[in-house]
Amino acid sequence: MRVVLVGPPGAGKGTQAQILASKLSIPKVSTGDIFRANVSGGTELGKKAQAYMDRGDLVPDEITNAMVRDRLAEDDARAGFLLDGFPRNLAQAETLDEMLADLGVKLDVVLELVVDEEEVIRRLAERARIDNRSDDNEETIRHRLVVYREQTAPLVSFYEKRGLLEKIDAVGPIEEVTQRAMTALKSRA
């Protein structure tokens, strides 16, 4: 099964990605993991990405896209994968379509973890308190939500129009959210 997981910061994407990938016996593919693997492996793409990160700049889409393309072509991703953190915008979604077409496969489903804004703020504020992260104040969190809405709303609409979107209520105990996601995935299998 080929799955994309989207949702606002604090929706539980990392947690659900780990659990769902394990339950489905497919690799969790996250851009963070891919960046770390390429940088620590000293790949050509890793060196290019590192130069941007060292300057505090965002890694351009073409480098991110190339890293994702390479990762999805690996043997363990042939039977399926769960993408976490990619695509983040419409351009990346269109590139993902091209990548998958080149590999001769299609996306099965896009899971959107749905959490209202106040719950996101509560979760991230709590996470900041526990992790002692002073940068995650309410103003910063609200800004991250604005950026998410601007970039990801068109992405959600793009997948909804294609009949790939499953909205998952991501409020409640982790196990319940996982169960809702698994039910949605089984309906697509």
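Cβ from N, Cα, C; glycine included.
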**Complete:** Joining GLY10, ALA11, GLY12, LYS13, GLY14, THR15, GLY172 at the ATP site recorded in Swiss-Prot, out of ARG69, ARG71, ARG78, ARG127, is ARG127
**Complete:** Mapped onto three states, the DSSP assignment of VAL59 (AMP binding site) reads coil
**Request:** Provide, as an integer number of angstrom, the distance between the C-alpha atoms of GLY10 (ATP binding site) and ARG88 (AMP binding site).
**Result:** 15
**Item:** Candidate with sparsest Cβ neighbourhood (10 Å radius) among ALA11, VAL59, the listed binding-site residues
**Value:** VAL59
